[in-house]
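Student: Got a structure for you, written out below as structure tokens; questions coming shortly.
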Amino acid sequence: MEKKSQHAGRKKGGIITMPFIFANEICEKLAVVGFSTNMLNYLTGQLHLPLTKAANTITNFGGTAALTPLIGAFVADAFAGRFWTITAASIIYQIGMISLTISAILPKLRPPPCTKDEKVCTEADSGQLAILYISLLLTAIGAGGIRPCVVAFGADQFDETDPKQKTTTWKFFNWYYFCMGASILVAVTVIVYIQDNIGWGWGLGIPTIAMALSIIAFIFGYPLYRNLDPAGSPFTRLLQVCVAAHKKRKEQIVSDPKFLYENEDLDAAISVGGKLIHTNNMKFLDKAAVVTEEDNVKAPNPWMLNTVHRVEELKSLIRMGPIWAAGILLITAYAQQSTFSLQQAKTLDRHLTKSFQIPSASMSVFTQTSMLSTIIFYDRVFVPIIRKFTGLERGISFLTRMAIGFFISLLATFVAGFVEVKRKQAAMAHGLIDQPHTIIPMSVFWLMPQYCLHGIAEAFMSIGHLEFFYDQAPESMRSTATALFWLSISAGSYTSTLLVTLVHKFSAGPGGSNWLPNTNLNKGKLENFYWLITILQFANLIYYLFCAKFYTLKPVQVRKAEDEEVKKDALELTSV
């Protein structure tokens with residue numbers, strides 16, 4: 001529940017809290033992206049790890065950092081609250097960054113430099129690796145507390161029962177993602193440049209200092225925040241509903257939902273923004289709210305009897321599942337930018353001037369800039385115009401926004417296939433098919449459309465996905481629901497790995513031919529791989545449209561107060 005102190009004096013929350021909250025997220029992204037983007041160079045160049053060992057370290061770190069948000073979300077929703085979870089996680093993250101920076105500065109904490117001819121390179125010993133692994137683990141744990149809670153905590157600052165503040169919530173997601181994208185853009189350009197050209201001490205030290213300042217700023221804003229108290233373990237409540245429904249599986253379903261169990265006092269802590277009302281789907285779960293002679297309605301056993309609100313919490317999460325799954329394939333398509341699109345860029349002419357050429361890894365700048373530009377256009381131009389036709393305050397629903405993102409992502413991989421055909425034609429025209437390390441006289445800017453389309457798709461789909469999770473999740477589980485957003489990113493990355501492995505295995509032909517060759521991309525059929533992803537995305541889009549059409553919005557009975565003495569109940573569907 002919202003703390004009582006909020007009602008005294010100035011009303012808490014609102015736009016004024018955003019700089020303090022955004023600062024934390026910006027610095028976390030600056031640190032993790034700035035390091036992870038260049039981590040392979042650090043592990044192989046500074047610690048002299050073998051390529052496979054370095055790659056496994058990166059995979060393990062990424063996998064751990066993708067799973068810890070589920071733990072952080074549980075801690076926040078169950079007992080700690082979002083403010084204290086973010087604060088504690090930020091401090092843990094800070095300790096990890098300090099440890100990592102110190103290891104990059106002190107010569108004793110890393111192996112000696114290789115000889116000039118690079119024939120003798122001493123690999124980091126077990127003690128030096130232990131410091132690295134502990135540092136990475138601390139940052140992964142810290143990220144697990146920050147990522148699922150920052151976005152939910154920021155949205156909490158806008159009171160859903162206040163019509164003026166409720167319309168501001170959807171704008172928050174746009175600007176949250178904008179700040180995150182801007183920090184990633186700085187990380188992959190400025191921070192990576194400092195690491196490569198000035199040194200890892202400064203390259204890691206600057207994000208570390210920025211993180212420390214953001215923690216101070218975040219804590220400094222405490223008197224301004226609108227804090228919602230945690231309402232107990234959401235997973236326990238979900239399990240209780242399942243157990244109660246199973247125990248009463250032989251009971252008859254009531255003909256009128258009015259006879260199902262309700263207890264406003266019992267649900268007060270988990271229904272501050274409004275009470276979930278009964279829906280007609282998944283009626284087998286309604287049996288958990290059927291009252292029998294053995295039940296004590298004044299002090300019910302939650303393993304035997306649950307309220308409609310608690311049953312509907314479980315229904316809401318189940319209904320979100322298909323929409324969540326649809327987002328996985330978009331991340332799978334997006335992941336190719338750091339793999340095969342990167343390999344394409346390496347073979348093309350990247351010169352801007354005679355003496356300067358764009359690093360192949362910096363092509364992601366076009367993705368980030370197109371995403372940021374789209375967010376600004378969407379918020380300032382698209383929404384005000386489309387609002388006149390739809391009548392919705394946010395212009396279009398988040399379900400529609402996601403559908404647009406899916407379609408644009410489909411176009412991105414479709415276009416990428418034709419660009420690859422042109423790249424190979426250029427290689428053939430200049431007799432470079434058998435020379436994979438020779439630059440093809442074709443501008444790298446031919447790859448811009450696929451990078452930019454992926455950025456535009458992310459501005460529509462990913463933000464819509466994030467809005468969907470926050471809006472449709474039960475209010476007591478919003479940190480957990482936000483963690484599902486990060487889990488979909490993890491699942492999309494692993495799906496990409498699986499797809500590449502399967503295509504490489506089953507497209508192998510006589511003479512070593514393969515769609516995705518290990519050495520010479522010019523002899524492969526990468527265009528077929530892109531078009532395969534396009535076909536999968538088309539099927540995914542059809543699947544998503546089907547799910548969206550039959551999706552039941554979370555119904556909430558919201559208490560609106562005309563004044564402090566007169567209150568009335570109004571039934572409404574949560575805004576889309």
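Counting begins at 1 with the first residue displayed.
Even glycines carry a Cβ here, placed using N, Cα and C.
Grabbed the feature section from TrEMBL, which reads as follows:
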- 91-109: transmembrane segment (TRANSMEM)
- 129-154: transmembrane segment (TRANSMEM)
- 175-194: transmembrane segment (TRANSMEM)
- 200-225: transmembrane segment (TRANSMEM)
- 317-336: transmembrane segment (TRANSMEM)
- 356-378: transmembrane segment (TRANSMEM)
- 398-419: transmembrane segment (TRANSMEM)
- 439-463: transmembrane segment (TRANSMEM)
- 484-508: transmembrane segment (TRANSMEM)
- 528-546: transmembrane segment (TRANSMEM)
Student: As a test: from 91-109, 129-154, 175-194, 317-336, 528-546, pick the stretch that has the greatest number of Cβ pairs under 8 Å with the transmembrane segment (200-225).
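Tutor: Against the transmembrane segment (200-225), the leading stretch is 91-109.
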Student: Ranking 91-109, 129-154, 175-194, 317-336, 439-463 by Cβ pairs under 8 Å to the transmembrane segment (484-508), which is first?
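Tutor: Per the Cβ under 8 Å count, 317-336.
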Student: Under an 8 Å Cβ to Cβ limit, what residues of the same chain, 6 or more beyond the ends of the transmembrane segment (356-378), are close to it?
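Tutor: Result: 37, 174-175, 177-178, 181-182, 184-185, 188-189, 192, 337-338, 341-342, 345-346, 349-350, 444, 447-448, 451-456, 458-460, 463.
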Student: What parts of the chain pack near the transmembrane segment (439-463), using Cβ distances under 8 Å and only residues at least 6 beyond its ends?
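Tutor: Tertiary neighbours of the transmembrane segment (439-463) are 173-174, 177, 327, 330, 333-334, 337, 341, 344-345, 347-350, 358, 360, 363-364, 366-372, 374-375, 378, 401-402, 404-406, 408-409, 411-413, 415-416, 419, 422-423, 426-427, 430, 432.
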Student: Which sequence positions outside the transmembrane segment (528-546), separated from its termini by at least 6 residues, show Cβ-Cβ distances below 8 Å to it?
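Tutor: Those are 322-323, 326, 329-330, 332-333, 336, 340, 402-403, 406-407, 409-410, 413-414, 416-417, 420, 499, 503, 507, 515-516, in sequence order.
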